[in-house]
Amino acid sequence: MRNHWNIFIAFFRVGILGYGGGPSSIPLVHKEVVDNFKWMNDEEFGDLLALGNTLPGPIATKLAGYIGYRVSGVLGMINAVLATILPTIFLMILLLSSLSSIKEYDWVQGMTATVIPIVGVMLATLTWQFIHKAGKGMGWLQTGLVLLIVFVLLQVLHIHPGLIIAALLILALVKKDKAPNTEENITGREGDPS
Amino acid sequence: MIYWEIFLAFFIPGILGYGGGPASIPLIENEVVTRYGWMNVQEFSEVLALGNALPGPIATKMAGYIGYDVAGIPGAAIGVFATVAPSLLLIIVLLSILYKYKNSPKVKRMTLYIRPVIGILLGVMAWRFFSESYEGIGLWQTVILMLVSYLLLERMKVHPAFVIIGALIYGGFFL
């Protein structure tokens, strides 16, 4: 019960504070899930984010649903998704059926405008955390090089991020391991309690 | 069968929209305006404008409202379900398989390889938010809001909820 309440609160806050569509909720989800409730660590969050970006569909509900499922099963999943989306859907229906002209949206948009740069700061902080981890993991020179290549692929050549992530995942899978017999170890791990 | 149409109208953008909710908006417009004619372009852009001003994921807000507009609460539920469920099931299945082998060097290498890509993706998103803000409220407001929120969030460790609520109040009064 306590878990369900925590899931609800965490994703309610994410849904109601994430101005600027699904992507703006990423740093908020990170804050709740990694820092606040410690349901997963940075590595797992990174994996989830990568896969979430590779698969189609809205990112916020994929994050919420998966995390809810991991914390307390199917009910947790439903709880997390509903907490993320229901409050703002209600708000949307309420406002659209009570406001009569587009002029009346102006004050809503004025309020939202100030939140956009703050979301930017949160995303930039999260960016730095990921790059910092990468730098520690595989050395700064290599990280710098990889970052440069990825940046060119994404922003100059406009290759879809899903394709790059998918390619890297396949590369990681097919690359030969240094230690022999790992192939057997992996297939034999099915019954491993860890 | 209106419910089946609503399901299809949001299932297709949900499964084709790579790049999160915002990427699926043109696809939703194609279904809702062009194929089924539930709304005209003007109405759709008004709904989108309000949706963008409100918090939370955009695709589900559109699905929820349009579904409700077309066929009441069951319509809203079906629209949201069709948007969320397919990709959510996919990610749960894939990550469950992945974590079954989480100690294998291959899966560890996956985590390592994708980290810089995530870094760049988040960085580009951050940049997009900054430039949107620059276009919307100008350079000085943007820079001041950035500095103040950085100090509050990262130096003083204030919870984002308070910073965002503060910004909403500031925006309501001064902009």
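For all residues, glycine too, the Cβ spot is worked out from N, Cα and C.
If you look up TrEMBL, you'll see B:7-28, B:76-99, B:111-130, B:136-153, B:158-174 marked as transmembrane segment.
For the transmembrane segment (B:111-130), the list of distant contacts is 142, 146: same-chain residues at least six beyond its ends, Cβ to Cβ under 8 Å. Remote same-chain residues near the transmembrane segment (B:7-28) are listed as 35-36, 48, 57-60, 62-63, 66-67, 78-84, 86-87 (criterion: CB distance under 8 Å, separation of at least six residues from the stretch ends).
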